[in-house]
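> Right, I'll just put the structure down here and ask away after.
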Amino acid sequence: MERSLLPEPPLAMALLGPRFEAQTGGNRSVLDNVLPDMAPLVNPYWSRFAPMDPTMSKILGLFTLVILIISCCGNGVVVYIFGGTKSLRTPANLLVLNLAFSDFCMMASQSPVMIINFYYETWVLGPLWCDIYAACGSLFGCVSIWSMCMIAFDRYNVIVKGINGTPMTIKTSIMKIAFIWMMAVFWTIMPLIGWSSYVPEGNLTACSIDYMTRQWNPRSYLITYSLFVYYTPLFMICYSYWFIIATVAAHEKAMRDQAKKMNVKSLRSSEDCDKSAENKLAKVALTTISLWFMAWTPYLIICYFGLFKIDGLTPLTTIWGATFAKTSAVYNPIVYGISHPKYRLVLKEKCPMCVCGSTDEPKPDAPPSDTETTSEAESKA
């Protein structure tokens, strides 16, 4: 597709009439480049803004390409290692595998489309691909957050409940994954059948749910969607980690107090080494989840700006929010690759050049010496 296929500036005036010149003062608008088949989907609000600087489009395109490569390579390796290694296919790791697969699909379905549109400085793939792009973003984003929610619950069950908890089996893990995907599909298809819709946003290089239309239909969807796909998982994750942190802190305090009474520095047995390993995994999961919310919260705020008619929403703001949200798919393979000893061992066997640092496993059958501190034991886990 050549740039000559892009529409001429009068299209924006034809679409909005006198209001175009009133809002732009005769200057160019982001609607100047919009294709005719996309024009009916564009909210008139965006007509007041000038096109984004071509240099910024190139920067965004390059940034998107970089995170695409990092994410697809990282998540692809995680899927390969966890999926192809029998010893790593535990119930808990199936949730990690599901998360990595979702993140991989997120970037594979979103980033190439964004890069194409950054090149043309508008959406050039038509209404159908607008729906597909936005639906994929919604689907895989929902799967990712609920996968993290289930990971948090698994850590809660292991660390807080301990022997009183019900161990997660392969069957239970598969049922949880099936639930995650069914719920994600439900929220994804709603805008396709009439509850809200998928439309171009900001500088018209990406599509998302309609958060600008002042009608109850799209507003009710956004409120309900954010309740079930953002706030509910956030509450459940915070609940899980509140008790995880409290349990770990109480355990460590009891260990220190008892060690003082016995005039030693550590009381860790082989069982406690396993406990420390579980605590380490909980810290990894908490870090991953925190990074995910740091990536997606700005975009939620952008949607709420449109929902509640708050001034200050610009095309550049929306596209940076949408682009930054994609970085959530980059964090997980990095965090797990650095912090999961068994993952690192298998990765070293299959791809030695991909591993940096030591891959020594903890030795739970030999308890730490009396001179070994609690923090040292935890670092080995």
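In case you wondered, yes, glycine gets a Cβ from its N, Cα and C as well.
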> Answer yes or no as to whether Swiss-Prot lists Asp131 and Met353 within the same topological domain, that is, on the same side of the membrane.
no
> Choose one of Cys207, Cys238, Cys273: the cysteine that Swiss-Prot connects to Cys130 by a disulfide bond.
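Within the candidate set Cys207, Cys238, Cys273, Swiss-Prot assigns the bond with Cys130 to Cys207.
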> Using DSSP, what is the helix/strand/coil residue split across the topological domain 'Cytoplasmic' (82-93)?
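The counts are 9 helix, 0 strand, 3 coil.
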> Spatially, and counting Cα to Cα, which of the recorded positions is closest to Lys326 (N6-(retinylidene)lysine)? Options: Asn27, Cys130, Cys207.
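Nearest candidate: Cys207.
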> Let me make sure I understand the structure: which of the disulfide-bonded residues listed (Cys130, Cys207) has the fewest other Cβ atoms within 10 A of its Cβ?
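Each of the disulfide-bonded residues Cys130, Cys207 was scored; lowest Cβ tally within 10 Å is Cys130.
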> So for Asn27 (N-linked glycosylation site), how many other CB atoms are inside 10 Å of its CB?
12
> Counting each residue once, how many in the topological domain 'Extracellular' (308-314) are helix, strand and coil under DSSP?
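Breakdown, helix to coil: 0 helix, 0 strand, 7 coil.
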